[in-house]
Each structure stands twice: as C-alpha cells, then as structure tokens.
Amino acid sequence: MVRTEVEIGRGLTIKNPVMTASGTYGYGTEYKDFIDIDRLGAIVVKGTTLHHREGNAYPRMAETPSGMLNAVGLQNKGVHYFVEHIYPVIKDYRTEMIVNVSGSTLDDYAETSRIINELEHIRAIELNISCPNVKQGGMAYGVTCEGAASVVKAVRRAYDKTLIVKLSPNVTDITEIARAVESEGADAISMVNTFLGMAIDAEKRRPILSTTTGGLSGPCIKPIALRMVWQTAKVVQVPIIGMGGIASAADAIEFLLAGATAVQVGCYNFVDPAAASYIVDGIEDYLRRHGISDVKELIGSLVIEHN
C-alpha cells in the first residue's frame, strides 16, 4: 500500500497529486461518463469571472507542432450562474473542486472570490493573474511583482480558504513573481500558465487566431515549465503545483522530482479524456516499483551531481 495524499496549502489535503487544469476539463461533469472523476486529486474548473463573458471571436484555437494555441477569452456565464447552476451539481463530488478566478480589476477579483468563499464545499480557488489590468493599459497583472502582489493582497482580504496563484511564464524571472505572491499570502503556487505564441496561415498571409496571438500549451513547453518549477521550488516555502505538457505518469513524476507537490494535466485531456486517471495509476505503480511508501518522498528529490 502506498500513500499518495499531499497538502496543497492551508491544511488542504488531496487524495493524490494529480489535478486537471482549468479550461481543459470544464466543470468535471463533461468527463464523468469517461472516467471515475472521484479518482482524481482535484479538478480545477474553468475560469470564472464576476460577470458573463462571451469570449473571443472564432477561430480561437489552433494546433501547433507538439502543442496547441488557444485564445478562448475566458468564456463563462459568470460567478452568479456558477453558484446557482453549477455548484449544486458538483458540490457532492468526492474529489476536491477548485474554482479558477479571473478578473479585469482588483475589485472584480475580490468580489468573485468573496462570493465563492461562501460556498461550503469549495475549499480553494486558483487565481489567474495572467488577465489584463484594464485600468493600467491592459498589461497583465502577473508580469510584474507589483501587479501580481496587488491581486493577491486584494483577494486575501476577501477570501480565507486555500488560495492558489497561477503564474504567467511570460516574465523575465518567474521566481521574483513567486516570492511576491507568497509574501502577500498565497498558500500555493500553480505554474506555469500558457506561453504567448502565434500561428500564421502562409497561404492567406494572415494569423490563424482571431486575436493574432494566444496561449501555447502542450508537450512543447514541458522542458521550460519543468525548469521554472525547479528554480521556483528553491526560493519559496509554499507548495508548488506544476504543469506544462504533462501527458504521462513519467512527466508528472519529473515535476515532483523538480520540487512540485502536485501537478495539473492540461491539454492532454483533449487527446485522452482518461489521461489524468491513468497518470494516477502510473504514479502509484512507480512508487511500488521503487519501494517508495509515500509520494511525498519524491518531492524535490532530484539528484544533481556536479563534476
């Protein structure tokens, strides 16, 4: 028997370190006919904003070599719809349900978080700080220490449960952003969000996405994401939830070895709806094969030999 429980901040323990990434798993209900979703450690539901958002115009997704671009634009029906129609359906799932929160202003973030704070069976939120600050020329909150810290500070006043902050990789030094959000009360850090990229239709001489650029995810980003997790784990004390190109148990284990406490499976859910479940099984098999009794023994156990 191996132990797979991990703590992801403020005393919140999940049954295993495998989570699904926001925007790739809907509300979990969409996948319940494919797998036993209660087998997962946690499900991070799609991005939720204070008000209804239509999202960006089509086309807003594009396949790329070893990955995909997306520019969905946080399409959702708003937090009040979530409370009235989605929460009653998902609140009794036996896996942890985490709400991804996005906003255009600090007040938006704080108010959405305050509303979710009242939901008994939602014990954690994940802040998407890659959103543009509409009051500061559209620059994403998460690309400066000051911007990232301001979101966490505003939300921390309104939210008293586990607060996970999702970091943008589109920065010079992600460890500085990580330290900034930790100092303002983040209980955990999830990383990394998508990389800014673009795709072009050479025949038409036009960008493929309606927004020109979009977020790049998939196996192509894994080596960079892994490096960022490894660097960040050395400078923060809070748990790290690693993501970026995870498609197998071996991928997930690499992130744990680099210092992540848990992982999120993202766009590979589109390839195989049961991927996250297989990864849970694969981690357990790895622990048994290596005679490891507790998954926590893997966290940050990477051996680096210097010649």
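Cβ coordinates are placed from backbone N, Cα and C, and glycine is handled just like the others.
Over in Swiss-Prot, the protein carries these features:
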- Ser22, Lys46, Gly47, Asn100, Asn128, Lys166, Val192, Gly218, Gly244, Gly245: FMN binding site (BINDING)
- Lys46, Asn70, Ala71, Val72, Gly73, Leu74, Asn128, Asn193, Thr194: substrate binding site (BINDING)
- Cys131: active site, nucleophile (ACT_SITE)
>> I need the CA-to-CA distance for Thr194 (substrate binding site) versus Gly47 (FMN binding site), whole Å please.
In response: 14
> Quick one: Cα separation, Val192 (FMN binding site) versus Cys131 (active site, nucleophile), in Å?
Replying inline: 14
> Here are some binding-site residues: Gly47, Gly73, Gly244. Which one has the most Cβ atoms within 10 Å of its Cβ?
Replying inline: Gly244
>> Cβ atoms within 10 Å, counted per site: which of Ala71, Cys131, Val192 has the most, among these recorded positions?
In response: Val192
> Can you give the largest Cα to Cα distance in Å, as a whole number, for the residues Lys46, Asn70, Ala71, Val72, Gly73, Leu74, Asn128, Asn193, Thr194 that bind substrate in the record?
Replying inline: 15
> Rounded to the nearest angstrom, how far is the Cα of Ala71 (substrate binding site) from the Cα of Gly244 (FMN binding site)?
Replying inline: 17
>> With every protein chain in view, what's the tally of Cβ atoms within 10 Å of the Cβ of Ser22 (FMN binding site), excluding that atom itself?
In response: 27
> Taking just the CA atoms, what is the gap between Gly47 (FMN binding site) and Cys131 (active site, nucleophile) in Å?
Replying inline: 11
> With a radius of 8 angstroms around the mean position of the C-beta atoms of Lys46, Asn70, Ala71, Val72, Gly73, Leu74, Asn128, Asn193, Thr194, what other residues of the same chain does the substrate site pick up?
Replying inline: Gly23, Gly47, Gly215
> If you measure every Cα to Cα distance among Ser22, Lys46, Gly47, Asn100, Asn128, Lys166, Val192, Gly218, Gly244, Gly245, the residues said to bind FMN, what is the biggest one in Å?
Replying inline: 20
